[in-house]
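Notes for the one structure printed next.
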Amino acid sequence: MLLSELSHPNQLHGLTVSQLEEIACQIRERHLQVVSTSGGHLGPGLGVVELTLALYQTLDLDFDKVVWDVGHQAYPHKLVTGRFNEFDSLRQQKGIAGYLKRSESIFDHFGAGHASTSISAALGMAIARDAKGENHKCVAVIGDGALTGGMALEAINHAGTLPETPFLVILNDNDMSISPPVGALSTYLNKVRLSPPLQFLSNSVQESVKNIPLIGKDLPEELKTIKGSVRRLAVPKVGAVFEELGFTYMGPIQGHDISNLINTFNAAHRLKKPVLVHVVTTKGKGYPYAEADQVGYHAQSSFNLTTGKSIPSSKPKPVSYSKIFGQTLLKICEQDSKVIGITAAMATGTGLDLLQKNIPEQYIDVGIAEQHAVTLAAGMSCDGLKPVVAIYSTFLQRAFDQLIHDVGIQNLPVSFVLDRAGIVGADGPTHQGQYDISYMRSIPNFVLMAPKDEAELQRMLITSINHKGPTALRIPRGSGRGVAVMDEGWEPLNIGEGEILEDGEDILIVAYGSMVSSAIETSKLLKDKNISPCVINARFVRPLDKDLILPLANKIKKVVTMEEGTLIGGFGSAIVELLNDNDINIPVFRIGIPDVLVDHASPDQSKTQLGLMPNQMSENIINRFNLIKNF
């Protein structure tokens, strides 16, 4: 059978192991072909091809449900669930998503782009199944990196109290997250990975104990604890943590042996209780470059399949904001040993890999544990350290209570750098950094800022670290503006002080962060139509520069706000509130992301769809305020 002929995963039923291995080769070929052309997640999917095929051989996916954690590893799932022909459109505008999406396929049982949610979701489905008297299977597939997330451990803690609930967790252990996993749990899994399999030991021990005279199945109730002790003595330490938490443990299983995987999954289904199958896979399996560099090939832009090298862009791009941040923080750490960089499994993405390599004693990776990262930093700041927590905007949402309760209320000097703030592009709704202005603007004591360019980023970073309270600095994804940066001597900003970039009298444009450059371009287009804008770089949304904004608003009487974030509760709302609180009743046109989910597309495509390109904004401003003038 050809992969292209698969329209339903149940068509895998009855295929021989050799036929499944041939389909596995076709999946890898298609996966590599598409990702090398248009970019996407590479290593995770290549590592779970055999796991996917073996699992789906043991399930009836007209009824059974599988929840894939994150979605990085779900490209093979997409290819065997009828999306072979659409796969060329992966992560492109109006194409299929890079993550699972319930609206995209009946086989995408739960959408996710953030880690550690699968066990909770699948357990919820299992409980719903039992409540309705149904008998389908519920499976969660989670990576070893995602297992470090507190939510995953909370779900395991719950599932272990439900001994009569059939529920399967598959641990896809490739010894990697996006970067190598960290922590005691990762160390434990490393030990287990090297141990002999405990595939069927739990059942065999139970059967053996039943046949032992005096302590078998007729054991008196009051001596059952002795029977349990005998069983624990017979079971080696492999998987002991999961066994003690109420799961039957099977593994570690070689994750690229289809026959063994099928046998193991079938055995797990028969147990009718919580089971954890530990599958050891190789991230990037089948593509030597991805196997050799599992961090670099986690996700890739377009690349040459033969050489494995990225295809350079048509023209050189300026250094990214993330790298400028990483370089600057490294310089600061070299000068001040109390400054500590903290990340949650995103060293390379946030630019902290530079600190990790050069001054590892001033670097901490907590794994996929954003809540812990925030409160860890709070504790460090209590005793004189200067933590700088670098987390993607979309992931910091997961620690909202900690931001309020542990940092904001106590007014602790913790610096947060929110990477990927604003529109991020092809990763879609789960990764857009559109909410941070709104969700952080109400937190007490926080200072919120965003730079217009990379030079201002440097000044804001030193401002944050020097400040005696909590700060949050948002930076966009991608390249900077190409302005000159400094190696040292960065001048701190005055908290809450904006700047006038252009004087004008017809319209007041107040822009924040990445939208400042767009405001300048919009201003140029307005000037071409004989309209004179005054442009302010706000720099701060909390506190706002009242002394700058209020007199100009009073004078010009027409205000436009620009932000790369959701309008609800955002920067524009802050300006409206400021004007209202000061009894200035004038029209305000807020430009930003409306109350919509921003789907996967290129950043420019998304901005065009949202009306955030300079030509669109200039026309909308003219129409909103009827600013057409005679030339």
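Note: Cβ is positioned from N, Cα and C throughout, glycine not excepted.
Note that the structure is predicted; figures quoted are calculated from it, not measured.
Copied over from Swiss-Prot, here are the features:
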BINDING   His72, Gly113, His114, Ala115, Gly145, Ala146, Asn174, Tyr287, Glu370  thiamine diphosphate binding site
BINDING   Asp144, Asn174  Mg(2+) binding site
Which whole-number value in Å describes the distance between the Cα atoms of Asp144 (Mg(2+) binding site) and Asn174 (thiamine diphosphate binding site)?
7
Of Asp144, Glu370, which of the binding-site residues has the most Cβ neighbours inside 10 Å?
Glu370
Which of the listed binding-site residues (His72, His114) has the least company, meaning the fewest other Cβ atoms within 10 Å of its Cβ?
His114
Gly145 (thiamine diphosphate binding site) has how many other Cβ neighbours within 10 Å of its own Cβ?
29
For Asn174 (thiamine diphosphate binding site): intrachain residues, at least 6 apart, with Cβ closer than 8 Å:
Pro44, Gly47, Gly143, Asp144, Gly255, Val280, Thr281, Thr282, Lys283, Gln294
State the three-class DSSP label for His114 (thiamine diphosphate binding site), counting H, G and I as helix, E and B as strand, and everything else as coil.
coil
